[in-house]
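Asker: Per TrEMBL, the features are:
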DOMAIN    27-151  domain 'CUB'
DOMAIN    180-316  domain 'CUB'
DOMAIN    330-459  domain 'CUB'
DOMAIN    650-787  domain 'CUB'
TRANSMEM  903-925  transmembrane segment
Amino acid sequence: MSERYESIANNIANQQDDVEDSKRDHCNKTVEIYEDVSSPPVTVENFGRPLTCTYRFRAFRGSPKDWILRIRFKKFKVGTLINGTTCHKGYMQIVDGNAKTDVSNRKEPGLFCGEIEQPQTFISETNFVKIVFHADNFTDQTYFSFDSRAEQQFEVYLRYGQHPELYPNRRGEVVAGSYCERVFRDCRLQTCYVQSAAYPGVYPRNLHCRYHLNTRLPYIKLYIENEEFNIDGQRCENIMTCPMRPITSGSENCPYDYIRIYDGKDESASVIGTFCGMGKFPYSIIGTSQDLFVEFVSSPAGPLLNTGFHFNVGNWPGHVEAPGSRVGTCDWLLTAESLKKSGDTEGIFLSVAHWYPPHTSCTYLMQGFPGQVVRLYFPSFRINRIESPIVPWSGDCGESLTLYDAPRPDDARIIKTFCDTFSRPMEKHDFVSTGNAMFVRFESKTGSYSGSSLYYWAHYDFFNNTRFGEPVSGTACDEVIASWKHRAGRLRSPLNTLVYKQAPPGEDVHCLYRFVTDKRIFARVILTILSVNFKEHPYTAVSCQNCYEDRADKLIIWEPHPGGKAANTSSSISTTPLPLHLAVQRSLGSCLCAKHANTVSRARPYRVVSSGETLNLQLIVDNAHAAASYFKNPSPLFEARYEFVHGPLCGPAVLAAALDGEIVYPHLEALGYTEPPKRIQCIWDLEIEEKRDIWLHFDSIKFASRHCDDGNIQIFLPGRIEPYLSICGENVSLARELPILSAGELGFESLDDPLVIEKEKTRSIRIVFIGSASPARATFKIAWTGLYHLPKNSDGTLMTSRLTDGGIKSNSGQGCDFICPGDEALCIPARLICNGIVNCPNFTTTERKFWTAEEKRAREAYSEDSLRRLGYLDALGGIPLGQLHDEAPQLCAGARSSGGGDWMAPTLGAGLAIVLAVCALGAAWRLCCRKRSPDEESLDY
């Protein structure tokens, strides 16, 4: 050591004249711009002693404020950094600014110490810089050198960007009295640079910088595009003994220098993360609102190494105001009522586009009105790997999205689960609930700094799924409408228009409405089509010339069991529709398509009355245009109303063709087990044979009042819309003399009806009773007789040859055995003679004036021969035959006393009637006296 001091002394002696200049050149001086400065030489006077050197930079005279200083430290070894916060035996201070500048760190400039092996640069924030070097024990192991230059702001591109004159507040507005607290307002792309102080050079020590960030729209986004992130990436420069620290997060991993990002306006907001290290910053930080608060802290002492950060600020366009209410941090209640108030037809919610902590759960409850269903679909859906997790996750399903067919999470009712590791997105697929609520839950085990790995736009809407009957499981829109559920109601095409876009590919939309009742209660269905509103096919014109065959939208109406003659199916109602081609072949069928839109209206509805207890209505829509024409179309494709009529008090609804019969109201067998409704409508269809006249006559009739509301009987002839006869209390006298309905009046129904696919050639008289159902209010019995005509020639004269030759005699008892008195030349078979009911109408003693003598002789001869054969003639005692009707006392009394040959059949018939009456009374007594079973109660109509 003594030799070293001696050498230094000799050197000093040799340069004695330059000592003063050396002190002036190397310590405590004002530095010219572009001047190289190095540490003072070691001398006898300063070796091993404390040394403090201060350097001030001479600014250009009149230099504007937009000049800054770039100071390059080429060599630096001063003091030792202890515990990352203390400089031992030496330090350097950089004071940026003074009392005259807008910003300054002169009050607490912090300390640099340690050693560098490569040049480091400090770029000032102001045009005044002071550097202070201090060594507790100055030796040749403490040294530094630097140079400087002045630059204008626009030359420092990395700090101020291009055209700084256009963005004077690009780096924020400095808060008065601070060095690095800045406020950023209305940040947009490339308009806000959030930087560490002195960026892109080494940042000062002992900083506490606060950055208030704001954008016009949420979600605010903080991101790095190209620049490196270097906050406390190294504590010393030797890569072997002090390697670079990768970017890490968490306060425990960043004890010295760090940035801390808050989700809000200030320190009171939630902490998104704390970061430090060196490298490419891997995340974009996205806040939940329009504001972020960033805090940058550097330790009081540290190395002259780290260059800080540069963030851009923008906003992420992932924010949509959902028409609902937020329940929690990210829990939403999305109701049909809120959507309706918004005026939109669909609501939207997006995947979580902002940061969220680990174990986050975000939920969406879509709640419709009663009777609605919820549809959810994703116009856009991407599934990515988790790119910015807060907590690493190595297993499957770090993030998931689950759809529940329920108003809450229910693992038994999961519709679909999407997972980040193995799921495929399902875009434009409809997920539909069965009830009026759907619950969606997003879960993340990892958390994220910049939004979900499951990126989606979700659209939801609500559809009225109200049914008019009981839905048929496994079908989209089939319904069963039962009489024991609703006696009457309205019907239309599905309110839920989703059915028009959910049919399987290539299959038309089919909606089958089945009207059913119990055959034992003799019910019928009246179906009235009020309107038809099919649209034209948008792609190919469909003429609908053949309604059944053409691929046109249509309504098909048919009875699966024509005439009510099928077996009773009330105990097991099949939901499988009868194939249409079979329905058309077997029964009456009607087809309505677009060409009938003007024909069928509320003013002129199309009415169908079933023959029996079942009726089918099927809507068929061409799949090729169903969705385009009818999805979300509020107009109904058809409207109708239905009513179940007739019932137990009315008795059988369809009366098969017969020579005679009767309709009795009320039906006596029903009185013991059914409770009459307030109003009732009975519809009887009396089938008739060809070439047969019908005589309807009231055997008894009673109305409680003259008001037609208490009871009204209407008779409709085949193919007629208006009633042929209407009888009620005010005109009951009309029931005494009813005219004969001739075969001509009872012609076949017209087959020119364009609504008819195919009809059997049947004729029936329809008798309708509408009124009070109380048995005390109205009672009646309507009897009918089928009448034969005596044969006539083409000119209308009687065919006497057949009468005299016995050509119309019948051995079956169903022929023309008794000629009724009167002018019409009508006759009845033998079994109707003296059966207790007058079967010959219009009894009169006045013969037609145009009967010829030959016709008269032929008629009398035929009558005598017929009555002689039947055993009636001998008992008459010469009474003129033309004055006798079939129930004349002379005829019937004489026949009984003589025991005529054919009296046995009426006698047996009467005896059988008596036996049946006794059985009926016994059955009625049992029905009245015993307790009704639940099965019978369910048959009440």
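From the backbone N, Cα and C atoms, a Cβ is placed for every residue, glycine too.
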Asker: Limited to the domain 'CUB' (330-459), I'd like the whole-number average of pLDDT.
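Answerer: Mean pLDDT for the domain 'CUB' (330-459): 94.
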Asker: Under DSSP, the domain 'CUB' (650-787) has how many residues in helix, strand and coil?
Answerer: 14 helix, 62 strand, 62 coil
Asker: In the domain 'CUB' (27-151), how many residues does DSSP put in helix, strand and coil?
Answerer: 0 helix, 62 strand, 63 coil
Asker: Helix, strand, coil residue numbers for the domain 'CUB' (330-459) per DSSP?
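Answerer: So the counts come to 10 helix, 59 strand, 61 coil.
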Asker: Could you tell me how many residues in the domain 'CUB' (180-316) are helical, how many are strand and how many are coil under DSSP?
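Answerer: Each residue of the domain 'CUB' (180-316) counted once, the result is 3 helix, 58 strand, 76 coil.
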